[in-house]
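Visitor: Found this in TrEMBL, in case it helps:
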- 1-20: region 'Disordered' (REGION)
- 67-89: transmembrane segment (TRANSMEM)
- 101-121: transmembrane segment (TRANSMEM)
- 141-164: transmembrane segment (TRANSMEM)
- 176-199: transmembrane segment (TRANSMEM)
- 205-223: transmembrane segment (TRANSMEM)
- 243-262: transmembrane segment (TRANSMEM)
- 282-302: transmembrane segment (TRANSMEM)
- 336-355: transmembrane segment (TRANSMEM)
- 376-396: transmembrane segment (TRANSMEM)
- 408-427: transmembrane segment (TRANSMEM)
- 448-472: transmembrane segment (TRANSMEM)
- 484-504: transmembrane segment (TRANSMEM)
Amino acid sequence: MSGHYDHDLEKKGHEPHVVTEDGAVPGESFEYGNGLYARMQRLAGKYGVEQRGIERVPENERTDTSLANVGTMWLSANMVVSSFALGLLAQKLFFLGFVDAILTCMFFNLIGILPVCYFSSFGPRFGLRQMVLSRFWFGWWGVKLIAVFNVLACIGWSAVNSIVGAQLIHAVNNDVPGAAGIVIIAVCTFLICLFGYRVVHAYEFYSWIPTFIIFLIVLGCFAHTGDFINIPMGVGKSEMGSVLSFGSVIYGFATGWTSYAADYTVYQPATASRRKIFLSTWLGLIFPLLFTEFLGIAIMTATTANDGNNRYMDGYKASGTGGLLAAVLFKGVGHGFGRFCLVLLALSIIANNIPNIYSVALTMQIMGRWTQRVPRFVWTFIGTCAYIAIAIPGYNSFEDVLQNFMDMIGYWLAIYEGISLTEHFVFRRGFGGYVAAHYDDARMLPPGIAAVAAFCFGVAGMVTGMSQVWFVGPIALHAGLAPFGGDVGFELAFAFAATSYFVLRKIELKRFGR
């Protein structure tokens, strides 16, 4: 099968596009290179704004040798209050006990982060962004379908995260409306993303530190109160359904970085150890996810106390996640310092939104040649405006938005992972089956018919296993207690997509030879 990927063809492939000093892209017409695009790129370069989009990073420019940059990128992006908010759903929506919620959180996080870690190792090897790499699995045209889902995911993530941050700001000052908090977070995120890869990594390298310190203060304050309640585990089909459904939400959050994992390692040298990249990413993900979500699970247990004056429940009802954290901090360290801590936690959302807004611009450039001719920073601005418009009306229904969104993320990414990993391991037989120079040549890429068809089969699996308020699949009904059963949508989506792709790709290769 490897004969279909002849390495000698690399010399015949198109050279990767690079942005020159005047902002032009080689291969385009002189008129275009000296037109609006070139002028905008020159303006961007004047102020230090990153000019490169989805063009392959030349090996001589891959000078970021710091593994700490890899790990802290994800450490900061997940050491945030939105990860903490996810832990609250265990009791709030799924009525899980403490121990079963902790075990579910651990198990599904461990599964969810593996694709993120693995795909991060593709960036140094090829110098290509994640959506560009996806052309090798979905083809020139098929990847556009994936890009649409990824754009929706990036915008959706940012909207959900901004709501959490706005709740915190509102808890500090009730006179600040949720819309104002959302705009504050969005503007700060945009300014960092504007300057690109190196500034993004520089910010993420340090931003986890104050957030971690504040979470430690929250932990100490809550532990000192003795208000923790060890809610017992459930039993039977009801417990099974709750575990599977909460696990689906946890998986969706953990694996949500998969579709842009390689974006943040493309400046690592091609000789970088894939194992070290994998391990750095794994450590950067697993620690903040487990720490913040475990903390959320523990504190949420205090809302179940029936003492007639439950400040935790009162705070949660008043301002959601922000109100709950305020109940902990105001009692433990006083209102003044407590407000300061809440403001810093609200601003931690910036670190979580940065990968989304940086990558949404790169994803938009996959849509077509014309979108690639729009500078990255313009798409960054448009993406920012889009998620502000979504977050403001969704502010008052956060829990429902969060659960439904996390589930949908997990569903489509499970399909993406099923197809891409099958292509990588079965048909390309590892990294040696790629010719990186073919990334921009539709004639050398797979037709994408098998991938798109397998994606549809994955959706069928998702539908049979999903458990949502608005629809419960027939298999999901048997995975828990009626009427909601248990959510096994992402597991079936992965299985259906991988199995169908294995069959269909063989037929496609036989017919097209690529």
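Here, residue 1 is simply the first one shown, and the rest follow in order.
Cβ atoms are placed via backbone N, Cα and C, with glycine included.
Map the listed features onto the structure and describe their local environment.
Guide: The list of residues near the transmembrane segment (67-89) in space but at least 6 beyond its ends in sequence, with Cβ under 8 angstroms from a Cβ of it, reads 101, 105, 116, 120, 160-161, 164-165, 168, 200-201, 203-208, 211-212, 215, 246, 249-250, 253, 257, 264-265, 268, 276-277, 280-281, 283-285, 287-289, 291-300, 316, 320-321, 324-325, 345-346, 348-349, 351-352, 354-355, 399, 402-403, 406.
Same-chain neighbours of the transmembrane segment (176-199): 48-50, 52, 64, 158, 161-163, 165-170, 264, 266-267, 346-347, 349-350, 353-354, 357-358, 361, 376-377, 380-381, 384, 387-388, 391-392, 395-396, counting only residues six or more beyond its ends whose CB sits under 8 Å from a CB of the stretch.
Proximity of distant same-chain residues to the transmembrane segment (205-223), defined by a Cβ-Cβ separation under 8 Å and at least 6 residues beyond the stretch ends, is recorded for 68-69, 72-73, 75-76, 79-81, 84, 288, 291-292, 295, 298-299, 302, 325, 328-329, 331-333, 341, 344-345, 348, 350-351.
Sequence-distant contacts of the transmembrane segment (243-262) (same chain, at least 6 residues past either end, Cβ-Cβ under 8 Å): 74, 77, 83, 86, 89-90, 93-94, 96, 100-101, 104-105, 107-109, 111-113, 115-120, 122-123, 126, 128-131, 133-134, 146, 149-150, 153-154, 157, 281, 285, 289, 293, 355, 359, 362-363, 402-403, 405-411, 413-414, 416-417, 467, 479-480, 484, 486-490.
Distant neighbours of the transmembrane segment (282-302): 70-75, 78-81, 83-88, 90-92, 98, 101-102, 105-106, 109-110, 113, 116-117, 208, 212, 215, 218-219, 222, 225, 227-231, 250, 253-254, 257, 310, 312, 324, 328; these residues of the same chain sit at least 6 beyond its ends, with a Cβ under 8 Å from one of its Cβ atoms.
Within its own chain, the transmembrane segment (376-396) is flanked in space by residues 40, 44, 49-53, 151, 154-156, 158-160, 162-163, 166-167, 178-179, 182-183, 186-187, 189-190, 193-194, 196, 357-358, 360-362, 364-365, which lie at least six positions past its ends and keep a Cβ under 8 Å from the stretch.
Long-range Cβ contacts of the transmembrane segment (408-427) within its own chain (Cβ-Cβ under 8 Å, at least 6 residues beyond either end) map to 1, 4, 112, 115, 118-119, 134, 136-138, 146, 149, 153, 156-157, 248-249, 251-253, 255-256, 258-259, 433, 446, 451, 454-455, 458-459, 462, 466, 489-491, 493-498, 501-502, 505, 509.
Within its own chain, the transmembrane segment (448-472) is flanked in space by residues 137-143, 145, 241, 244-245, 248, 400, 404, 407, 411, 414-415, 418-419, 423, 479-480, 483-501, 504-505, 507-508, which lie at least six positions past its ends and keep a Cβ under 8 Å from the stretch.
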